[in-house]
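**Q** Here it is: the structure, laid out below.
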2 protein chains.
Amino acid sequence: MKKNDVRHENALINVQKMLGYHFKRTDFLQQALTHRSYSALHNERFEFIGDSILNYSVAKMLFQAFPRLTEGELSRMRANLVNQDTLAQIAAELRIGDALLLGSGELKSGGFRRPSILADAMEALFAAVSFDADFNTAEAVVRRLYAERIRHINPQDSGKDAKTRLQEGLQARHMPLPKYRIVDQIGEGQDQQFVVQCDLGETGFQTEATGHSRREAEQQTAQTALDWMEKHFPLAKTRKK
Amino acid sequence: MKKNDVRHENALINVQKMLGYHFKRTDFLQQALTHRSYSALHNERFEFIGDSILNYSVAKMLFQAFPRLTEGELSRMRANLVNQDTLAQIAAELRIGDALLLGSGELKSGGFRRPSILADAMEALFAAVSFDADFNTAEAVVRRLYAERIRHINPQDSGKDAKTRLQEGLQARHMPLPKYRIVDQIGEGQDQQFVVQCDLGETGFQTEATGHSRREAEQQTAQTALDWMEKHFPLAKTRKK
């Protein structure tokens, strides 16, 4: 076995361990991890199925966890949980990038850490599990991966993103609104990253974050600012409804 | 039992027969058929779950039926199959309207035949089946309802709608392009219907259709024109790829 083959074999073993699922047919696993730049037998059709497994599984988790929220609130929550940013984050935690099969161009340009490629592979993996076992097994994989994230959702936020919650939190405290500023752009093309600063004005608090999109970086700075605000300026407990 | 109660009971029995599923818990069935104008325990949260059951089930049917189509082609096909028009059509075939629980305002304004209300109830029913039985049973209901529709898809159309196929068919035959014209609008507000004419110019063929939206009526006239064109101006069989 060549050194690269051994490395890829180990990466496949690791992905299965992280997913909590062992494949009977490794061809399904391989295809889920194959980008279109590598082979005609790539993961895009899998992604079509995996996307809907993810949507259903997260929908059901939210439906069960938040019996009092409306359809609109549940939809917004789900959108935050199944978007590219979150999927790419999960893929990074599972080290999916090490197991990807990419064409040489994508390989050189760092495709193994590109959010869109990681997110697509993540969805394709859910489909691969459903093909290798069944729908319910794939749903169980999604539930395991999302359990912690859903436990940490505050239903009063109703799926609002960090920027919105920060703005509302500052308004409730009569504090000045945040200013977001791009302070740097690193890399080029699909590899570009944005460094964004969030400035809370006269409070003196500033924070920076890096992301593959301006939006992603802004949301991250907002989350940090939100944590800081809630720690240092706690509101009196609000009455339960 | 009052006359209306008896009528509603019969409608519920009929819906279950048409779905091919008998509910153990009729409260699930009732809630799926309850519009928000009738009760706070309405079907919108069910719809959130049912929508994703429908999306997955149709995705899988298409994935299996068309092994050579790309993700994009499958997505377009699915969009045509799960949109409001198609769902409302299925709901009408199943006579869901007779079983709906609507507030008096909606009842008077003909809510029981409004496409959006019918489509939402249809999705909510898929969720209700999954709650009463399980996901796989709900998937089986969707598969049964969509089997014929998917059998009739021509994969070469790759999910293109009737207007697009008509235009391409006419171009391939060097025939003039169609003209669509609204010839009448019936009713008001949410009950409004459009009568649209499709005119194939010098061929002399004209057809009309009525729909709840201009788009719906146009698509229907296009389908009729398409059938006419394919019957009277057949193309020589094209080579298989």
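We number each residue from 1, going along the chain as drawn.
Every residue gets a Cβ built from N, Cα and C, even glycine.
All TrEMBL annotations are machine predictions without curation.
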**Q** Given that TrEMBL annotates A:Asp120, A:Glu123 as binding Mg(2+), state which candidate in A:Glu47, A:Glu71, A:Glu188, A:Glu202 belongs to that site as well.
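**A** So the Mg(2+) site in TrEMBL includes A:Asp120, A:Glu123 plus, from the candidates A:Glu47, A:Glu71, A:Glu188, A:Glu202, A:Glu47.
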**Q** Looking only at Cβ atoms, how many others are within 10 Å of the one on A:Glu123 (active site)?
**A** 25
**Q** Please name the residue among the recorded positions A:Glu47, A:Asp51, A:Asp120 whose C-beta has the most neighbouring C-beta atoms within 10 angstroms.
**A** A:Asp120
**Q** If we take A:Glu47, A:Asp120, A:Glu123 as the recorded positions, which have a Cβ under 8 Å from chain B?
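**A** Only A:Glu47 pass the 8 Å Cβ test.
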**Q** Roughly how many Å separate the Cα of A:Glu123 (active site) from that of A:Glu47 (Mg(2+) binding site), to the nearest whole number?
**A** 5
**Q** Given the recorded Mg(2+) site (A:Glu47, A:Asp120, A:Glu123), which additional residues of the same chain have their Cβ within 8 Å of the Cβ centre, ordered by sequence?
**A** A:Asn43, A:Glu44, A:Phe46, A:Phe48, A:Gly50, A:Asp51, A:Ala119, A:Ala121, A:Met122, A:Ala124, A:Ala127
**Q** In the domain 'RNase III' (A:12-134), how many residues does DSSP put in helix, strand and coil?
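**A** Reading the DSSP string over the domain 'RNase III' (A:12-134) gives 89 helix, 2 strand, 32 coil.
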**Q** Can you tell me how far the Cα of A:Asp51 (active site) sits from the Cα of A:Asp120 (Mg(2+) binding site), in Å?
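**A** Counting only the Cα atoms, the answer is 9 Å.
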